[in-house]
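Pulled from TrEMBL, these are the features on record:
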type     : residues  : note
TRANSMEM : B:16-34   : transmembrane segment
TRANSMEM : B:54-83   : transmembrane segment
DOMAIN   : B:61-181  : domain 'ABC3 transporter permease C-terminal'
TRANSMEM : B:104-129 : transmembrane segment
TRANSMEM : B:149-172 : transmembrane segment
TRANSMEM : B:200-219 : transmembrane segment
TRANSMEM : B:231-257 : transmembrane segment
TRANSMEM : B:285-306 : transmembrane segment
TRANSMEM : B:486-508 : transmembrane segment
TRANSMEM : B:542-560 : transmembrane segment
TRANSMEM : B:572-589 : transmembrane segment
Ligand SMILES: Nc1ncnc2c1ncn2[C@@H]1O[C@H](COP(=O)(O)OP(=O)(O)OP(=O)(O)O)[C@@H](O)[C@H]1O
Ligand SMILES: [Mg+2]
């Protein structure tokens, strides 16, 4: 595994509110890297700035200060169409509420990122079939999103995020709306994608079980990175325990 | 507490409310303006024969306008409900009693309705004072000095009608809100109403739709055979035909297009799916709009057809603009200043029952009259330059008809053409029949009026419209046809404004539930321009379909007027162009408003 950074965030600050209005500093200088092939988790109390950070990393929002490079490209200086194209080509997204378009079939949903890059229909089809097989959603491709379960929806969303072979996959609580068995399924699948295709994943989560699939966890506290936890050689079970312990200590410390 | 919450809800969507409010104000203002013109006694008294027919047409127009206002308020109201249902859904989820919510929405609808009607009437008064009198002056050329813009009966009619409509609308809203389950309110119309291809039933619908349209068009073409039954018959068949056609063909088209390569590119597939998503909800309004479109366009076309008829009437009614008897030097001086094509004078002598003319004078300068050939060509709808035929002395002796038309009104004397020597023997003062023809009556209107005033200062008002020649024909034509033209224009524009707003509100009502889809596409990395293109294509389709069908309706509908108008299809492009330009404007406004609702804002603010 090489050690090249796919994401490198430097001293990111985010202040909400215009000058002269009431302002709120949600991020107070965040610096970290995500290396090729890493599976990184971000945890933190509600309101600590996780979504804010993810929005900045995915070009949905701009930092007030600091730089973000993804795959060697400074994304904070991108403008207009370049932002949209970057989003379409370089990153994949999985959201808590799936964000599937309910007026397209599942396979049309998955095809969308490729259609956007004007890939020929003949080329799109085999790619979808391959992904569908991998994510076991072949049987539901021609259905509409409102005809399938939450767990299935999230796999479709994952397929859509992966189809354009992004440099990195982002998730904002992707398991937040799933029951425990669907959660495990999805995480196993993400893990597989991460291991076999070497796609780095950065995922925000509240859930220690989800977090235990990561190799490294960043805890955000009050807009800063408070602590970092590494799985190292531990099994997933051991790591899970460590997260729970740490979370307890972390939250206890916060409560003081 | 709830009241306060409701108010905050309104404040946060002020712009959408403004659109709704403006639409309602315009609607009631137009209605008032129409009523004020149609029922103003000054206006009706002022005009002579033509207006009794016009006043009937005004009443007919008023009924049509009421119907379309009803449809309009219905759509505006569903837009209002779509803006509010999410908020009210949340209140209900939090435990607010349905009856209380019902009362809130009822109050809200009524307050908006009452406010907009009152403001609408005020705006209507201003419009009537400015635009209304201008229209009357320029098209009808009537004297509007004693015309009042503020007309109490019209105010009452407008207010009562609109308030009643809003009370009904309020109760409909209340019912809908209470009857819809809370989850339905929260989710809006995101429940897909997907079109499914049912080939057999669709085939039957297409055949039936085309069949009904054919019947409707046939009835209009053979209007004479069906008499009065033709209008309701045509309306019913065309309405249902349009509906079936939209229902079947639209679905088919979308499904077929989705299978093409084109659909696989960019977000074309999404655009098609957007169209197909709420397709069933749109077929009704599309069919309605196509009919209204046809009515509006038809009104303008026919109105302008009548307006054109004035010119034909004028040009074709006589070989000369005016025939004057013994004009004074002052009158002749004024005529000389005109842009005339022909000027001639013939000697005449009058006995008790006969008017004599000199044959040799006509041999030297023949009398002219409009040629029959020209009339024939015109009535076939061919555009032909007006042509004249000449009558020399001999021809006139055989058939003095053309000279009869140039005699002073009310004269029942015989006309005789005699030789110079015979003429000299007649014991009567020698007089002069002075004839002239101007190049363009409309342009010379003021000067012609002055000539009549100078020649007949005493009873100018009555002589003006009876003086022999094309000028009087022109004035009469103006009253009759100008009235029709005015009506057609007014109704056409009013219809268009309301129907386009209906479509606009229907589309914008959906925008709120489309919003999250556009947000998703934005997150997926779809360029703003691509989103814009998709939106404008989608809305373009929704506007174009009823427009095209409406135009076809009008082209066939004009058959109805073949008996009334000399050439209903001549110069048809002009009203079409005016109409399409206005319709396009509405389209652009809808696109802009829709974009402002669904497109995510750019959030960069360093
Ligand atoms: N648009 C905004 N304007 C002003 N303040 C904001 C805005 N968005 C977020 N904030 C504030 O910034 C802080 C961080 O918000 P953020 O959404 O990133 O939290 P989070 O860590 O994702 O929380 P959660 O776990 O509840 O999702 C919060 O205090 C929030 O109130
Ligand atoms: Mg969050």
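Backbone N, Cα and C define each Cβ position, glycine as well.
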- Winner by Cβ pairs under 8 Å against the transmembrane segment (B:149-172), considering only B:16-34, B:200-219, B:231-257, B:285-306: B:16-34
- Query: Residues sitting near the transmembrane segment (B:200-219): Cβ under 8 Å, six or more positions beyond its termini, same chain?
  - Reply: 226, 230, 233-238, 240-245, 247-249, 251-252, 556, 559
- Query: Would the transmembrane segment (B:16-34) count as touching the transmembrane segment (B:285-306), if touching means at least three Cβ pairs under 8 Å and pairs must be 6 or more apart in sequence?
  - Reply: no
- Query: Within the domain 'ABC3 transporter permease C-terminal' (B:61-181), how many residues are helix, strand or coil going by DSSP?
  - Reply: 104 helix, 0 strand, 17 coil
